[in-house]
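Per Swiss-Prot, these features apply:
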- 1-23: topological domain 'Extracellular' (TOPO_DOM)
- ASN12: N-linked glycosylation site (CARBOHYD)
- ASN17: N-linked glycosylation site (CARBOHYD)
- CYS21-CYS253: disulfide bond (DISULFID)
- 24-49: transmembrane segment (TRANSMEM)
- 50-58: topological domain 'Cytoplasmic' (TOPO_DOM)
- 59-79: transmembrane segment (TRANSMEM)
- 80-104: topological domain 'Extracellular' (TOPO_DOM)
- 105-126: transmembrane segment (TRANSMEM)
- 127-147: topological domain 'Cytoplasmic' (TOPO_DOM)
- 148-168: transmembrane segment (TRANSMEM)
- 169-180: topological domain 'Extracellular' (TOPO_DOM)
- 181-199: transmembrane segment (TRANSMEM)
- 200-217: topological domain 'Cytoplasmic' (TOPO_DOM)
- 218-244: transmembrane segment (TRANSMEM)
- 245-256: topological domain 'Extracellular' (TOPO_DOM)
- CYS245-CYS251: disulfide bond (DISULFID)
- 257-278: transmembrane segment (TRANSMEM)
- 279-295: topological domain 'Cytoplasmic' (TOPO_DOM)
- CYS293: S-palmitoyl cysteine (LIPID)
Amino acid sequence: MRHILNLYENINSTARNNSDCPAVILPEEIFFTVSIVGVLENLMVLLAVAKNKSLQSPMYFFICSLAISDMLGSLYKILENVLIMFRNMGYLEPRGSFESTADDVVDSLFILSLLGSICSLSVIAADRYITIFHALQYHSIVTMHRALVVLTVLWAGCTGSGITIVTFSHHVPTVIAFTALFPLMLAFILCLYVHMFLLARSHARRTSSLPKANMRGAITLTVLLGVFIFCWAPFVLHVLLMTFCPADPYCACYMSLFQVNGVLIMCNAVIDPFIYAFRSPELRVAFKKMVICNW
């Protein structure tokens, strides 16, 4: 969010005066390289699903939704670097109307990436729940039509929320609402998880075992959720500290890691496709076919 980033620049000198922790500055080339890799990897996921009819199922469509979210996060940093480069070359007027509009568009991509990731993980969690505990009715409950409707509503809601957050980003309540979405949605997913694994344990006692493929999907979701929390939580905490205690020495010390937290977000988009490939034999085969055909 432009308001958050500008606020960071304004309080940076104050933070340094109140903390012995120097700001960690990373080369822009690192951000750019990681972002490019993230875009290419997630684009491979989308192409693999698009080219293989065997992968065109609700589960993989939900995975594609998460891949799009990751790709938007990488595109955000690429476009931001391009805007900075043009401004440094004198092609953009600092704080001009075009730059402000471009900043809003880029910031919308960033917010959309976070909201899309949270919502996509929630949908995948619900899909895994139905797969495990309503396996016989799964194909009648989770149809392609319903999956597409859910994804359409999901992205329409995320887009509207993203535009609203960017438009009113200078208001503290908006920042609070933005950061509150993160723990609230994660709480929903974790509650679903606890319920899922408690039922799985109960079912395992009454029956021989749950289908291994279904449990593999649940484990994949667990890994995806863990990586998401690890990569995004530091930034969300940074936003909260920047809003409520920017001059506190301890808060300022943590905020000196601003760029490191940014790299973690970019790394999320790079790690997720490896998780898909490692946990899904079908997707792994599709990746191999794509690589062999290109060679």
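Each Cβ is built from the backbone N, Cα and C atoms, and glycine gets one as well.
When Cβ distances are compared across the two stretches, the transmembrane segment (218-244) makes no contact with the transmembrane segment (24-49), since fewer than 3 pairs at least 6 residues apart fall below 8 angstroms. When the C-alpha distances from CYS21 (disulfide bond) to the recorded positions CYS245, CYS251, CYS293 are tabulated, the minimum falls on CYS251. Comparing the disulfide-bonded residues CYS245, CYS251 on other C-beta atoms within 10 angstroms of each C-beta gives the minimum for CYS245.
Separation of the C-alpha atoms of CYS245 (disulfide bond) and CYS253 (disulfide bond): 11 Å, rounded to the nearest whole number. Geometry remark: the residue listed as 'S-palmitoyl cysteine' versus CYS253 (disulfide bond), CA distance 50 Å. Ranked by the number of CB pairs under 8 Å to the transmembrane segment (148-168), the listed stretches 24-49, 59-79, 105-126 are led by 105-126. The transmembrane segment (181-199) makes no contact with the transmembrane segment (257-278): fewer than 3 of their CB pairs lie within 8 A, with pairs spaced 6 or more apart in sequence.
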